[in-house]
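Report on the following structure.
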Amino acid sequence: MPVITLPDGSQRHYDHAVSPMDVALDIGPGLAKACIAGRVNGELVDACDLIENDAQLAIITAKDEEGLEIIRHSCAHLLGHAIKQLWPHTKMAIGPVIDNGFYYDVDLDRTLTQEDVEALEKRMHELAEKNYDVIKKKVSWHEARETFVKRGESYKVSILDENIAHDDQPGLYFHEEYVDMCRGPHVPNMRFCHHFKLMKTAGAYWRGDSNNKMLQRIYGTAWADKKALNAYLQRLEEAAKRDHRKIGKQLDLYHMQEEAPGMVFWHNDGWTIFRELEVFVRTKLKEYQYQEVKGPFMMDRVLWEKTGHWENYKDAMFTTSSENREYCIKPMNCPGHVQIFNQGLKSYRDLPLRMAEFGSCHRNEPSGSLHGLMRVRGFTQDDAHIFCTEEQIRDEVNGCIRLVYDMYSTFGFEKIVVKLSTRPEKRIGSDEMWDRAEADLAVALEENNIPFEYQLGEGAFYGPKIEFTLYDCLDRAWQCGTVQLDFSLPSRLSASYVGEDNERKVPVMIHRAILGSMERFIGILTEEFAGFFPTWLAPVQVVIMNITDSQSEYVNELTQKLSNAGIRVKADLRNEKIGFKIREHTLRRVPYMLVCGDKEVESGKVAVRTRRGKDLGSMDVNEVIEKLQQEIRSRSLKQLEE
C-alpha cells in the first residue's frame, strides 16, 4: 500500500490507493478546497486520479504555475460547454492552453460577431457560477470514438483515428451534458474558473493546413483571481497604447502595403532609427573584434541542398530562376559566411574568425502570421558566425555572452531569462563531443554569473544552444539572442583549416544573434519606449522654434550650429502660436524643444523644454550643445535634469 512523500519530506502511509484530493483532505480542509491537481513523481495528474504505489506528491493549487495552466485549459472546455448550448450544431476541434490564456477552434455555420462573443462569455459565466463538478472518465479508444461519432464531433473522431493508439485509454471530461477529450489534468470543480474573458476571434485552418477547412478560433484569457485578470487587462490596454504599428504611423516611421506583404517601407525618420542602430551595432562589432562582410542575397539551389535547408526549409524559401538555374533568396546568412571562410587556405593561427553581416533575408511566412515589424517576410539579420577550434569554444561563447548583455543593457533591458538546450535523441557527433560542448556553454554562463535553466533534449541535431529572452516594461517576453554551436554545416560545405599537426580539420561554427532582426528589435524598442526613443536614437533630437518672425534669423543660425555639432535638428519657423508648436512636437516625441524669443536673441541663449513637459529654463547655447553631445555620445537613457 502506498507511502506518500510530501514536498517537506514528511510521509503519509495508506492501506489503500488514494488520490491527491484524498491526501489534501487528510492534511486539512483548506488545502482540499484549494486542490486543483497533483504532481505525482513529477507528472501532473487529476485530483481524482488514484495513486497505488509509493510516490512523491505535491498538491497543485491556483498559486502554482501549473495550477493556472490547468484553470486555463478547463476554461477552454467551459467555452466548449457554452458554445454547444448556444449553437448545438457546432463541431469542436482543439482547445489548448497558450501564453496568458487559451483558444478553441470551432466549426460553426455562422461567422461570430462581437455580440456573439459577448453572449458566449455571458453563458460561460452563468455555467461557471453553478460550480458544478468536472467528472473524469478513462475509456477505451473504441468507446471514446463511439461517443464522438454519436455526437457528430468529426474533428474529435479524426484526432482519435490519426493521433491516438487503439490500445490507449483517452480521458473524457464531463461538464454536465457536455463532454470533451483531453490528456488533462483539469479542475475538479468550476469554482476555479470564474475569472476569464474572451478576447478575439480569428480564422485558423484545421491542423494548420491551408488545404483544410477554415475554422473560427476563439481566444480567451483566464486567471486565478479577479485582481490578476484586471492587472492583465490593464497591461493589454497599455500595450495597445504602445503598439508599434500605431506609434509607427503617428511618428511617420514606416508603412506596409498589400503589394508587398511583410515588407517594410522605411520612411526617413524610421530609417534614421535603423541607421543609428546599425552604427551602434558596428561600434560593438569593432570593440569585440568582428569582421563585417556582405554576401549575396540569392544563391543557387544546389548550395541550399548541400546545407540541408532545401530538404527541411524549402516551404519558407522564396525562389526564382534564370538561364535554366533555380535560385533561392536566402532565409539566413550562415551558408554565405562559410563560402567566404572557404576562400583561401586557413590555418589554426587564423582562428577564431568572427564574421558579422547585416544580412538582407527573406522567409515566406504565412500571410496570416504577419504582424507589423514583429513578423515580416523581408528582414535584416544582425547575426554573426564564429569559426573556431573545439578548444576555443568556451572563450568565444564567453565573448558572445558579454556582448549580448553589453548591448541589452544599453537599452535598459535588465530582466533576461537564459536557457541552455541540450542534445536531442537524433543528433550527429559523439557523446564525448556533446559532453564537452554542453559543458563549455554551461561553464561560460557560470563564469559570467548568469543563472540559467536547462531545456533537456531541445538542442538542434547539430549542436547545443543558449537562448536569451528579454522582458520589456510590460513584462512581455521577447526571445532575441542565441548562441548556437554547429558541428554540421562546416562539414557539409567542406570548410577546413590546417591544424597545429599540419592536418586538415573542420572548424566549429558558432551562430550568434543578439537583436534577432533589426526590424523586430525596432518594433520592440518602439513599444518599450512608447515612441519616446532615447535622444541618441530619436530621428529628430532637437526642434528650434521662434515666437515671431523677428527671431527667424537667430533660429536659422542656431539650427546650423547644432547641425554642425552632429545633432539632428530642425527649425520650425511657421507662423503659428508657440503653444501649438510645442504641443505638436511633444506629440512627435522630439526630446528637446528650444524656444527663441526677443529675450533669447538679446542674451544669446535659448529656453529649453523637454518632451515630458519639463522647463529647463534659459541656457547658454554652447552649454546646451555640450550637454546634448554628452547625452548622445554616452547613449544615455535619461534626458537632461532627469
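Using the three backbone atoms N, Cα and C, a Cβ is placed for every residue, glycine included.
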Swiss-Prot Zn(2+) site partner of C334, H385, selected from H194, H195, H511: H511
Spatially closest candidate among C334, H385, H511, the listed binding-site residues, to K286 (N6-acetyllysine) (Cα to Cα): H385
Long-range Cβ environment of H511 (Zn(2+) binding site), under 8 Å and at least 6 residues apart: C334, D383, H385, T482, V483, Q484, D486
DSSP-assigned states of the domain 'TGS' (1-61) in counts, ordered helix, strand, coil: 14 helix, 22 strand, 25 coil
Most crowded position, judged by CB atoms within 10 A, among K286, H385 as recorded positions: H385
Neighbours of C334, H385, H511 excl. site residues, C-beta within 8 Å of centre, Zn(2+): M332, N333, H337, D383, A384, Q484, D486, L489, M509, I510, R512
